[in-house]
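A.B. asks: Got a structure for you, written out below as structure tokens; questions coming shortly.
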């Protein structure tokens with residue numbers, strides 16, 4: 001008898017927790033039109049939980065700040081913005097679900113996000129079908145805007161509703177390669193990636209440029225980013241004796257990899273893309289992160305006038321977590337949607353079209369011509385939906401902090 | 001450069017950790033024929049217990065001094081969770097069909113993960129674990145981290161203690177009796193319930209030690225570490241012959257060495273260039289498991305195929 005009651009309790013608990021999960025994901029239904037004022041929602045998708053949550057929360061807070069600023073300034077007359085943030089936990093399937101949710105909600109005018117390129121890939125089609133604009137602050141895989149054949153020079157934009165405020169790996173990897181080869185004078189590299197869309201692409205573009213310059217790749221390997229044990233790879237790196245390691249991947253695996261490679265005897269730094277440019281990286285790799293280099297898109301926020309106001313407002317808003325690597329781009333992405341909505345409203349005598357489908361379509365079209373001075377510099381989009389701002393920066397870890405060492409525009413040679 | 005000593009050392013260290021955790025699988029299986037798939041999470045709880053101890057201790061405490069406290073806490077937490085699991089998740093199902101406790105174990109493991117994920121502060125991402133500073137130590141041509149030394153000392157000490165316990169003490173002998181035939185053991189006046197709890201507790205205690213070793217080795221822990229660790233340790237237990245405590249250790253070491261050597265050398269075999277490297281280490285680990293099971297289904301040190309299926 002006791003067995004049965006235990007089973008019943010277990011079932012009840014399981015069922016209860018399922019119900020609770022369902023409650024948590026239900027969107028709010030308030031808003032809508034009231035007294036001539038229109039409320040529209042901007043969707044946001046980012047990993048708010050999980051390993052990459054530090055970056056995701058920074059994106060969410062920055063987008064929130066953009067929405068609040070727009071409402072306070074009455075940026076678009078008669079339109080109030082609302083932000084609805086959904087968590088994708090860095091999973092493509094979750095991202096796609098969220099995209100479907102946004103599309104189905106007739107108050108959502110456009111979406112900001114996601115963080116991961118492979119998540120972005122899963123969301124593009126959904127938004128494109130609905131004609132809804134998506135602006136990613138962080139996707140860097142070139143194929144998202146330039147098609148799968150971008151490497152051969154046959155660029156073709158697959159989805160016209162997709163935009164991004166970050167630059168692509170096509171220039172991020174080579175930029176780091178030029179710096180390491182020309183300025184740091186390091187000629188031997190060991191290249192590691194995590195086989196994900198972002199990491200693989202980044203490592204490939206780095207390797208291509210580094211070899212073109214005359215550098216030598218003394219070894220390559222791949223790691224499973226779900227693991228923490230990289231001793232075997234670390235030993236291989238130590239044995240190959242490279243001048244430095246290039247890692248295409250994100251900080252949750254990048255940090256322990258750097259830590260273990262240095263413990264195994266790697267003498268040079270670990271270099272990587274913007275997904276290593278996080279305070280979490282330093283926290284996890286501790287003092288073995290000293291000297292490591294990360295590239296990131298745009299100029300360091302502290303050096304741009306347009307960014308000073310952002311950092312000040314961000315602090316004043318009292319968010320619990322820092323804006324991290326993509327905060328500025330998230331703010332700009334959100335702001336570009338707001339600007340597109342503004343353009344549509346102006347075209348339609350100060351009002352948005354009655355039908356949300358019309359609004360979405362017009363906003364997507366207006367996005368192509370949006371231009372403003374953003375947090376990350378001049379924001380605008382080229383014919384592929386990529387940002388026209390091709391600035392890049394490199395940051396080196398010194399005394400436990402990423403300090404900018406170089407900013408410039410990538411030049412193809 | 002000859003890096004064989006380094007690869008052997010890495011494999012041995014990894015293997016010692018797998019072995020410590022594998023004890024938890026093998027003890028429980030040996031006595032109740034149950035595969036406790038939540039054991040990886042019991043280890044994970046231990047790691048968070050150890051971290052909690054470190055956070056509670058006054059800032060600036062030397063790690064050497066804090067270590068015993070962390071160890072006690074880790075083992076304590078693991079044992080509590082282990083005993084709790086036995087009492088509330090497995091005992092009520094003891095006479096149920098074999099499948100029921102297995103499913104419960106999987107459910108329990110997910111529940112334990114989510115508990116940490118939901119309630120432990122900041123556990124949604126990796127938490128840093130204190131680490132020994134200082135240069136690595138050179139042992140016979142291999143670099144060994146200070147944190148890894150703990151493992152190299154703890155694993156043999158634990159094993160010897162366990163061997164002594166099982167062979168020489170009353171409870172240990174009662175354990176052997178129960179594992180051979182629980183019904184007869186009960187008729188001989190052995191309190192089998194108590195023996196089973198003891199088996200869970202010992203397994204969990206070893207898991208707690210392994211948890212501290214894991215934290216010291218990698219410097220970070222998160223709520224998901226139990227899954228892969230548990231799976232690897234389970235593999236080690238099966239490799240060595242599940243039910244045999246020395247087999248668990250042997251299986252762990254064999255598995256650790258296989259992983260380390262496969263990653264380092266397989267790609268140098270002509271025609272195998274594509275199959276070496278870090279991404280393949282789990283493939284080789286499980287290929288080895290399948291091979292051993294094909295040739296020697298009872299595992300390396302296993303003596304009999306379960307005669308009470």
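The first residue you see is number 1, and the count goes up from there.
Cβ atoms are placed via backbone N, Cα and C, with glycine included.
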A.B. asks: For the annotation transmembrane segment in TrEMBL, which listed range does it cover: B:195-215, B:216-236?
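C.D. replies: Spelled out, TrEMBL records transmembrane segment over residues B:195-215, not the other listed ranges.
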A.B. asks: Please give the sequence-distant neighbours of the transmembrane segment (B:39-57): residues at least 6 beyond its ends with Cβ less than 8 Å from one of its Cβ atoms.
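C.D. replies: Same-chain residues near the transmembrane segment (B:39-57) but 6 or more away: 21, 24-25, 28, 66, 69-78, 81-82, 85, 108-109, 112-113, 116, 120, 123, 127, 129-130, 203-204, 207-208, 210-212, 214-215, 221, 223-231, 233-234.
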A.B. asks: Quick test of the contact rule: Cβ under 8 Å, at least six residues beyond the ends. What residues does that give for the transmembrane segment (B:149-167)?
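C.D. replies: Beyond its ends, the transmembrane segment (B:149-167) has Cβ neighbours at 12-13, 16-17, 19-20, 23, 67, 137, 173, 175-176, 202, 206, 209, 212-213, 216-217, 245-246, 249.
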A.B. asks: Residues of the same chain, at least six outside the transmembrane segment (B:278-295), with any C-beta under 8 angstroms of its C-beta?
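C.D. replies: Distant Cβ neighbours of the transmembrane segment (B:278-295) are 232, 235, 238-239, 254-255, 258-259, 262-263, 266.
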